[in-house]
């Protein structure tokens, strides 16, 4: 009998073991779709980004007009740009849901997979930030100024660090050039990290909604989950196309229709919606260094998830107390996102401070306490 090329060829064998004959738990739900959706997002962003980069000029005098030229004169340039800008939003929606799934079902106990995932999130955030600066509109410029300025909070070397990042004494042409370089480079780094992430995942196999070992009940990934994932793609591509074609500027900032002007500060400087929760935490602390540390901690706290797991059960499926805590955390993040978009005025300041405090309290204090308490209640 002739050997099956899919299983014997050195390259095809790897693809086969990752996407075709991969043994998968039979009971994983639609929440396990987001990994492959993130892969689709990455591929779409790299493709549209490559086409945009072909028409973009990384120079302060030309950047804004080169983006306008792409939208007006390049064949389907408007569509490519709208897909790229809104694709970033969908990338973040998917990654946040993917992380939420990981927290809910205890997937963070696969420590290597989880840690590479958090590094992926940080790289994605960096990529999105430098990408937002490239159109060189008002919010691009002032967003870059405000966020890079945070490095000056680092004791002793802060100011040097900022000037080194800027390539001068303010955000200017060198800054734009290096941000374009980084924005081009980082997605390929994300691709590499994704492969590492998948390698670690396939070492242990997927988790499942019950959080129990499922070796006795595995099914091949193709055709079952490849088909299920295709449905997920449809569900993501439909709203993405709707957004890109009907209201492409819904999630953008109107300030970005004005070319960057260092002499005029916009009334409200705020990042894209997917960074608002972290921005709210940054703003809620009146001290600069404290704010920067809280901002970093808001994301880096994910590294601690495996250490804060005290329950004998892996998932939250059969833990109502923990579920209550999880959905409180979700609501809290939505409140932080909303507060981040509001001006720094009376009710919003205190709401932001309370929401920030609640965020860290739930993750650092209540998660381990409730986990231990549930063990007691179940006589574990």
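Using N, Cα and C of the backbone, Cβ positions are placed for all residues, glycine too.
What you are looking at is a predicted structure, and each value in this text was computed from that prediction instead of being measured.
Going by Swiss-Prot, these are the annotated features:
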type	residues	note
BINDING	84, 183	heme b b562 binding site
BINDING	98, 197	heme b b566 binding site
BINDING	202	ubiquinone binding site
TRANSMEM	34-54	transmembrane segment
TRANSMEM	78-99	transmembrane segment
TRANSMEM	114-134	transmembrane segment
TRANSMEM	179-199	transmembrane segment
TRANSMEM	227-247	transmembrane segment
TRANSMEM	289-309	transmembrane segment
TRANSMEM	321-341	transmembrane segment
TRANSMEM	348-368	transmembrane segment
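Projection of Swiss-Prot feature records onto the structure.
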{"residue": "84", "record": "heme b b562 binding site", "Cβ neighbours (10 Å)": "20"}
{"residue": "98", "record": "heme b b566 binding site", "Cβ neighbours (10 Å)": "20"}
{"residue": "183", "record": "heme b b562 binding site", "Cβ neighbours (10 Å)": "22"}
{"residue": "197", "record": "heme b b566 binding site", "Cβ neighbours (10 Å)": "21"}
{"residue": "202", "record": "ubiquinone binding site", "Cβ neighbours (10 Å)": "14"}
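Taking every recorded stretch in 78-99, 179-199, 289-309 and counting its Cβ pairs under 8 Å to the transmembrane segment (227-247), the highest total belongs to 78-99. Within the chain, the transmembrane segment (289-309) has long-range Cβ neighbours (under 8 A, six or more residues past its boundaries) at 99, 103, 106, 108-109, 111, 114-115, 118, 121-122, 125, 150, 153-155, 277-279, 281-283, 356, 359-360, 363-364, 367-368, 371. The list of residues near the transmembrane segment (34-54) in space but at least 6 beyond its ends in sequence, with Cβ under 8 angstroms from a Cβ of it, reads 70, 80-81, 83-84, 87-88, 90-91, 94-95, 97-98, 101, 183-184, 187-188, 190-191, 194, 229, 232-233, 236. Under 8 Å from some Cβ of the transmembrane segment (179-199) lie the Cβ atoms of residues 18, 38-39, 42, 45-46, 49, 53, 56, 58, 113, 116-117, 119-120, 123-124, 126-127, 130-131, 133-134, 144, all in the same chain and six or more residues away from its ends.
Here the CA atom of residue 98 (heme b b566 binding site) lies 23 Å from the CA atom of residue 183 (heme b b562 binding site). In this structure the C-alpha atoms belonging to residue 84 (heme b b562 binding site) and residue 98 (heme b b566 binding site) are separated by 21 Å. For the pair residue 202 (ubiquinone binding site) and residue 98 (heme b b566 binding site), the C-alpha distance works out to 17 angstrom.
In the three-state DSSP reading, residue 84 (heme b b562 binding site) counts as helix.
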